[in-house]
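If you look up TrEMBL, you'll see 12-35, 64-82, 102-119, 131-152, 158-184, 196-217, 223-242 marked as transmembrane segment.
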Amino acid sequence: MIGAGLQTLGGWRLVFVFLLAYAALVCALLVRFLPKHKTAEPFTRDILRVVLARYRNVLATRPALGFLCFQAASFSSMLVFLTESPFVYMQLYGLTPHQYAWAFAGNIGMMALFNRTTAWRLRRGSPPESILLTGIAVQLSANTALAAMTWGGALPSAAGLLACAMVSVGTQGFVVANTQALFMEFFRENGGSANALLLATASLAGAGAALLATTLHNGTAQVMGGMMLACTVSGLALLSLLSPQVWRRG
């Protein structure tokens, strides 16, 4: 919404001016308020061996890897949406940048709603496995409906497509916190390396999915719907293969 307002005021260049100013402000605040630490030790081969050994330990913990894979796949689904939705919404459906901003805000609102639902269910004693499976079911349903609409021939109604996309993206409020909690419980003594690998894997998978969506882009909404469903299905398959305990405990 801020970006749409800035574009209206001064064009797309003003958006990048704002981002530059924002980054400079963050850097200044970090320099001013971030606690000072001792000088870092030299990076040696011994340190590299320790780091690699920790990553190997994480990757050797098979029951945890399903959660890593599903978070990466779910994040990839969202990145496909972020890559394709500007074209789909503004070119195919004729939304203005300001209208697109409001449509995008709906995704964030749905994500916040599902996040609060997660917190409420945790307070009521629901295990994170159960909440995660709820999120998977909702995301799979939304992406299946989205793929069916976009591959059904005619351009689907804007309301139906936007609703499915909002629900799909919103399920990050179910997925992220619970996959992270279930993954990290395997690494009480190696949490830093495990968390770094979890986030790096999600980022790399998301970037790869976005690149593939760009490569496959064909001027329709089919790539968005098809790839979002493919991401969810592949993540679910890997979760079931690597971490089958989620079904028993959920």
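Placement of Cβ uses the backbone N, Cα and C atoms for every residue, glycine included.
TrEMBL entries are annotated by machine, without manual review.
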Can you say which of 12-35, 158-184, 223-242 has the most Cβ pairs under 8 Å with the transmembrane segment (196-217)?
223-242
Could you pull out which residues elsewhere in the chain have a CB under 8 Å from any CB of the transmembrane segment (158-184), counting only those six or more residues past its ends?
64, 67-68, 70-71, 74-75, 77-78, 81, 85, 88-89, 93, 103, 106-107, 109-118, 128-129, 131-132, 134-136, 138-139, 141-143, 145-146, 149-150, 191, 194-195, 198, 221, 228, 243, 246
Determine which residues of the chain contact the transmembrane segment (102-119) at the Cβ level, with the cut-off under 8 Å and only residues 6 or more beyond its ends counted.
1, 81, 85, 89, 95, 131, 135, 138, 162, 165-167, 169-174, 177-178
Report, as numbers and ranges, every residue of the chain located at least six residues beyond the transmembrane segment (131-152) whose Cβ falls under 8 Å of a Cβ in that stretch; write 'none' if there are none.
70, 74, 77, 114, 118, 121-122, 160-161, 164-165, 167-168, 171, 173-175, 178-179, 182, 220-222, 224-226, 228-229, 231-233, 236, 239, 246-247, 250
